[in-house]
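Enquirer: Shown below is the structure under consideration.
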C-alpha cells in the first residue's frame, strides 16, 4: 500500500503483547519527560543577555534554523524506527515545546531590554505563558504586545504556529506512514525467506 495515501497502513511495528506496549510507552514518556525537562531547565537557568543590545530578528532566524535542523533529524529517525508511530509522537512531544521556548526566550529578552514592549515587564514564566497563549489562540487580556516590533513578532509566531501545527505534524505523520510501510515490507521479506514458507 502507498505509504503516502490516506488509507491507514496496518502498523506492523506495534508490539505484540500488552506488556511490551506498556514498556515501550513508558520508555517513550520517560524520554519525552527528560527531554522537555532539559529544555525547560535550559530556558529557566541560562542567563538572559538583556544587558546586551542585540537584534531579535537575526537570533530568531538562527533559532528557527536550529528548529528546522531538529525537525530534519527527526523525520528520518521516524522512518527508520522500529516503532515509527511511537517515534513520531515522541518527536512531536519534544519539537512543540522547543518551538514554544524559542519564542518565549525572545519575548523574555526583549521585555528585559525594553519593558515597554509589553503592557508589563515579563519574567521567564510570563514570557512562556504569553507564548503558549499565542500558540493556543485563546486570546490575551493580561499580557499584550505593545511595540510594533513585538506585534510583528507575535504575528510571525502565529503564522509559524500554523506551519508547526500543519506542515510539521503532517511531515512526521507521513514519515511514520513510510516507516510503517518499511516495517511491513521488512516483515514480509523475512516471512518469505523462512524455510518451508
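Every residue, even glycine, has its Cβ placed from backbone N, Cα and C.
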Enquirer: Looking at the candidate ranges 1-18, 91-108, report the one that TrEMBL labels transmembrane segment.
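Expert: Checking TrEMBL against the ranges 1-18, 91-108, the transmembrane segment one is 91-108.
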Enquirer: Are the transmembrane segment (58-79) and the transmembrane segment (152-173) close enough to be called in contact, which here means at least 3 C-beta pairs under 8 A that are separated by 6 or more residues?
Expert: yes
